[in-house]
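Trainee: Handing you this structure, nothing more for now.
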Amino acid sequence: MLSHRFLSKILFFVFFGLILFFAGSFLKKHSRTISSLPQLSGKVSLINTETAAYYNSLNNKYDPELGWVLAKKDIQYGDDMVVAEAALLFNADTGEILYQKNSSAKLRIASLVKIMTAVVALEHGNLNKEITVSDKAASIGENSMGISSGEIYSLEELLYGLLLNSGNDAAYAIAEGIAGDSQEFVKWMNIKAKELGLSNTFFADPSGLDDTTLSTTDDLGRLSRYAMKNPDFRRIVKTTDIILTSDSHKYLYLENQTNLLTTYPGVQGIKTGFTEEAGLCLVTYAVNEGKELIGVVLNSIDRKGDMILMLDHGFSQYGIHVEHNLLDY
């Protein structure tokens with residue numbers, strides 16, 4: 001008759017074997033070749049949990065709680081440098097494309113719409129123009145600046161709420177205040193898109209809540225490059241936070257939600273976006289050693305990680321190594 005100790009050993013090895021079998025099956029299913037993983041300019045790169053398995057298969061260190069890995073510096077770039085559905089990185093000065101993925105794919109863009117909202121408002125309105133908040137604007141849901149019906153704000157104040165807090169209420173208040181009607185304002189947005197040659201872009205509303213709006217990373221790159229040439233737009237999107245006080249409205253503290261603005265050296269805006277349909281979206285402008293880069297990411301599950309990889313790659317093409325603490329990701 002088998003001893004209790006012998007049976008325990010058998011059960012242990014069977015259990016251990018099952019663990020190895022399932023772990024091997026998982027890694028085989030999710031693994032990528034070395035050539036399809038991104039080369040990192042630093043020793044530590046933050047990565048989303050879904051792609052961590054790829055790095056685990058290369059025996060890199062992964063902490064599921066912190067969500068970061070130690071990546072090997074000899075990993076090479078491939079078609080899947082980013083997990084976003086579409087991405088673009090280019091030199092804002094020369095237009096040189098440094099990285100692209102599905103850059104002509106028409107996708108939903110969420111609050112990246114607000115880049116065009118700001119451009120049209122700045123070109124049709126005066127920063128000091130006073131705008132009274134309507135019931136409709138104040139009641140727009142999702143992300144908001146926090147304005148109330150009947151309050152009066154200057155266009156400049158509303159632009160801060162639009163671009164720092166991604167306020168949908170600010171978007172409608174601006175549209176109504178500048179054009180008299182939000183749909184008329186949207187017409188102006190599409191006219192401007194045509195003027196800029198954004199042939200694969202259609203705007204349905206000033207906020208980005210309407211997911212029938214479509215664009216491409218190519219078009220958004222062109223729009224962002226144009227927007228950043230406007231000194232008022234540029235000044236607003238690089239603002240980290242601001243306090244708005246007035247006798248005509250409540251006290252408001254606004255903080256810039258643009259990812260990487262305070263954690264990646266040289267980043268100076270410009271806009272985030274998210275809806276369930278559009279996924280995580282991001283446009284970023286960064287300058288280091290005189291090189292100006294603009295990155296666009298659409299439908300990502302890790303927009304910060306994607307943008308960091310692209311910016312590191314882009315600056316490295318000019319021999320620029322950007323020192324940053326990726327644990328501040």
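Heads up, residue numbers simply count up from 1 along the chain you see.
Each Cβ is built from the backbone N, Cα and C atoms, and glycine gets one as well.
Curation does not apply to TrEMBL; its annotations are automatic.
Sharing the feature lines straight out of TrEMBL:
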| type | residues | note |
| --- | --- | --- |
| ACT_SITE | Ser111 | active site, acyl-ester intermediate |
| ACT_SITE | Lys114 | active site, proton acceptor |
| ACT_SITE | Ser166 | active site |
| BINDING | Lys271 | substrate binding site |
| DOMAIN | 81-300 | domain 'Peptidase S11 D-alanyl-D-alanine carboxypeptidase A N-terminal' |
| TRANSMEM | 6-27 | transmembrane segment |
Trainee: Counting Cβ atoms within 10 Å of each candidate's own Cβ, which of the recorded positions Lys114, Lys271 comes out highest?
Mentor: Lys271
Trainee: Other than its own, how many Cβ atoms are within 10 Å of the Cβ belonging to the residue listed as 'active site, acyl-ester intermediate'?
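Mentor: I count 26 other Cβ atoms within 10 Å of it.
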Trainee: Please give the average pLDDT for the domain 'Peptidase S11 D-alanyl-D-alanine carboxypeptidase A N-terminal' (81-300) in this predicted model.
Mentor: 96
Trainee: Have a look around the residue listed as 'active site' and count the other CB atoms within 10 A of its CB, chains all included.
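Mentor: I get 26 for this one.
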Trainee: Check Lys271 (substrate binding site) against DSSP and tell me helix, strand or coil, would you?
Mentor: strand
Trainee: Distance check, please: Cα of Lys114 (active site, proton acceptor) against Cα of the residue listed as 'active site', rounded to an integer number of angstrom.
Mentor: 8
